[in-house]
């Protein structure tokens, strides 16, 4: 192909492996008992929190005990995680407790009614003053800002889903271990030497010896799978990324003080340029790309769904249709359920509650000359990310020793 030509993909209006809400969190619980009164519910809380075990073993294919899971921080990711987990069949996880400073009434209400996800199609209610019930599944609620004080040891907690965004280094996350938990999964980029795993990219490297792990960021989970495909098929020399990202709770509703002067400005009124470590973090899961990628974020006035714009120089000459074909092949095989390719002319809201980590917008794939590739990928930065947190927690459970 001539070096001054621009190649743009020609979509055939098909959607490959779209994966919208397969695990929508709207399925009913498979627990073998009905809804009961508050006395029975509290008795069940006592049974759950004092049950022996947590380690999983299998005999003739029957799971003898599930991994006992605590959620620390019941915000956007914490509640999305619970909905995603609730929608899974035969999960190896058992969520038994939530640490939430808002208390039982708030935890129950915000789980049931969500401005983005809609009303949870489950029977959600308080169970006394120290638990909530989700389709008869009783989950204890505790409240303490210091993880060291949490009752993880007494409750036999195997895995903590660390969803506050605060305890992201070894010292902070390690407080859960001090409290008696056996492992911690951080739902944010980890700091220091904490192992980082992105499902579909490097999760096979996880071993039971890891006590604290990170699921990386939502943007890294979107970027890494298709970057892996690009590098394997065409060889990435260098590149830059921009994520046009929905605003988050870290921003201000109206102008107010913030350590980042741009994030101090009203989130719903501005396009806010800010930093992101997502591109550099790809090197944590794909070490051969260290130093080859960088990027920024543009926070925009939408509440959910974001989109990555990646431009890379590649070593192998190519054209847009060939790039999309590589994505389709991976989406149908090793990255099935992680990556998808969409040929429809859609907009951000159409990707709300998408289960996959990233959806390639094939009509926007471009190749300038024959070695500069531009790829656009959509992702639900809450729901899709939370599905991967559940996936990684499942891997922890399945590799339990």
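Glycine is treated like the rest: Cβ placed from N, Cα and C.
Since we're looking at a predicted model, the values are computed, not measured.
Per Swiss-Prot, the features are as follows:
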type     : residues                               : note
ACT_SITE : 218                                    : active site, nucleophile
BINDING  : 76, 77, 100, 145, 381                  : NADP(+) binding site
BINDING  : 217, 218, 219, 248, 263, 276, 277, 299 : D-glyceraldehyde 3-phosphate binding site
SITE     : 245                                    : site 'Activates thiol group during catalysis'
TRANSIT  : 1-65                                   : transit peptide
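Structural mapping of features recorded in Swiss-Prot.
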residue	record	contacts (Cβ under 8 Å, 6+ apart)
76	NADP(+) binding site	248, 249, 382
77	NADP(+) binding site	163, 187, 382, 385, 386, 389
145	NADP(+) binding site	101
217	D-glyceraldehyde 3-phosphate binding site	188, 189, 276, 277, 278, 281, 385
245	site 'Activates thiol group during catalysis'	219, 276, 297, 298, 299, 300, 306, 381
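Note on residue 248 (D-glyceraldehyde 3-phosphate binding site): other Cβ atoms within 10 Å of its Cβ, all shown chains, come to 17. Under DSSP, residue 299 (D-glyceraldehyde 3-phosphate binding site) is assigned to a strand (E or B) in the three-state scheme. The two recorded residues, residue 263 (D-glyceraldehyde 3-phosphate binding site) and the residue listed as 'active site, nucleophile', have Cα atoms 19 Å apart. Remark: residue 218 (active site, nucleophile) has 306, 379, 381, 382, 384, 385 as non-local neighbours, by Cβ distance under 8 Å and separation of at least 6 in sequence. Reduced to three states, the DSSP call for residue 245 (site 'Activates thiol group during catalysis') is strand.
When other Cβ atoms within 10 Å of the Cβ of residue 263 (D-glyceraldehyde 3-phosphate binding site) are tallied across all protein chains shown, the result is 20.
In the three-state DSSP scheme, residue 219 (D-glyceraldehyde 3-phosphate binding site) falls into the helix class. The Cβ of residue 100 (NADP(+) binding site) lies under 8 Å from the Cβ of 73, 74, 78, 106, 107, 141, 142, 143, each of which sits 6+ residues away along the same chain. In the three-state DSSP assignment, the secondary structure recorded for residue 77 (NADP(+) binding site) is helix. By a simple count of nearby Cβ atoms, those within 10 Å, the most crowded of the binding-site residues 219, 276, 381 is 219. Every protein chain shown contributes to the tally, and the Cβ of residue 277 (D-glyceraldehyde 3-phosphate binding site) ends up with 16 other Cβ atoms within 10 Å.
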